Amino acid sequence: MSMTVYNYAAGPAVLPRPVLKQVQAELLDYRGSHQSILEISHRSPLFNDIYAAAKERVLKLLKLDNRYDVLFLQGGGTLQFTMVPLNLATKYHRAAYANTGHWAARALEEARKIPHLQADQVTDAGPDFTTIPAVPQLPAGKYDYLHITANNTIYGTSYHHLPATTVPLVGDLSSNFLGQEYQFDRFALLYAGAQKNLAPAGLTIVVAQRQLLAADQGLPSMLNYAALARKASTLNTPPVFQIYVAKLVLGWLEEQGGVQAIAAANQRKAALIYDFLDNSRLFTNKVARTARSFTNIPFTTGTPELDQRFIAEARQAGLLNLAGHRLVGGMRASLYNAMPYEGAVALRDFMAKFEKENQ
Ligand code: PMP
């Protein structure tokens, strides 16, 4: 009998099993074309249909109308740390950044490399990053945008309410994309690397107000939202396979009932682990309750050797990739959209067993 295996990796991460099966079934002959999806041209009608469907599904799932457009780009979330300021900080040449963790700090750091741009850190959740501090009122007419990291993958915190601000809001949703409910039209622009909740690595989704994308700053083409939007993200060869998988995952998310249902399912999975942690005599999670992430849960026994043993024994039991990020150590369970409820149950049960054995 084969063991049931669950993958709690923070990214690249678990994909829905039915989607992987469909990819496998279609791999050698995509829809009677006698070509693999890995071989088809990005200029073919086959790809155009995939692209159009993926884009439509993103907008529908986010409940956004045609005032918004979707770009399918490369370069990961990290390239957006540069593209956002280059394209958006053009009126006041000043941007505000909420620093709620490693990736938020990286976004700020990259913005600061751009000449003639002032990037201000307006909140600080450090040094442990266990909270999401309120963003102070920002003066009108001074900032081009406010950047937040909606979910902090390493520290396991999340915005459960978007900051009230009149400054255009930009969000890095890499680790809770389509897995947590927001009023998405509060964002001027949001982006997400695909490899946690949507597709294999190599694809980055940018969703933004069309009007914002239309403002061409004359930037080099591959850094220029307007140029990319005009060419429907195909200024160069796009990641066809990743966009195809994204289209299938988006269809699967629709079948699950959309963002509301997925967010509820993610909360149920997370609650199982947090409830256990709150009553545990061995494991702790130090994040403020109001800031707890639904998708990334760091925890520790408080002893590095015991943590290592937990990770190793969990792996033996088929619970994979539970090591925390190298910056913080300990453990981290990523319970993204595609993680089944049974995966959270299996983890909770294993933690309970380990706790009993290590009283
Ligand atoms: N933002 C967040 C919130 C992340 O978690 C990550 C990666 N873990 C990144 C950005 C960087 O993404 P990428 O590797 O796609 O550049």
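The backbone N, Cα and C atoms fix where each Cβ goes, glycine too.
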Where TrEMBL shows Gly77, Thr78, Trp103, Asp172, Gln195, Asn236, Thr237 binding pyridoxal 5'-phosphate, which of Thr123, Thr130, Thr153, Thr157 is named for the same site?
Thr153
Can you grab the distance from Lys196 (N6-(pyridoxal phosphate)lysine) over to Thr153 (pyridoxal 5'-phosphate binding site)? Cα atoms, rounded to a whole Å.
10
In terms of DSSP three-state secondary structure, what is the assignment for Gly77 (pyridoxal 5'-phosphate binding site)?
helix
Using CB under 6 Å from any atom of ligand 1, narrow the recorded positions Arg43, Lys196, Asn236 to the ones that qualify.
none
Using CB atoms and a 10 A radius, I'd like the single residue among the recorded positions Arg43, Lys196 with the highest neighbour count.
Lys196
Taking 10 A as the limit, how many CB atoms besides its own sit near the CB of Asn236 (pyridoxal 5'-phosphate binding site)?
11
Among Thr153, Gln195, Thr237, the binding-site residues in question, whose Cβ has the most other Cβ atoms within 10 Å in this structure?
Thr153
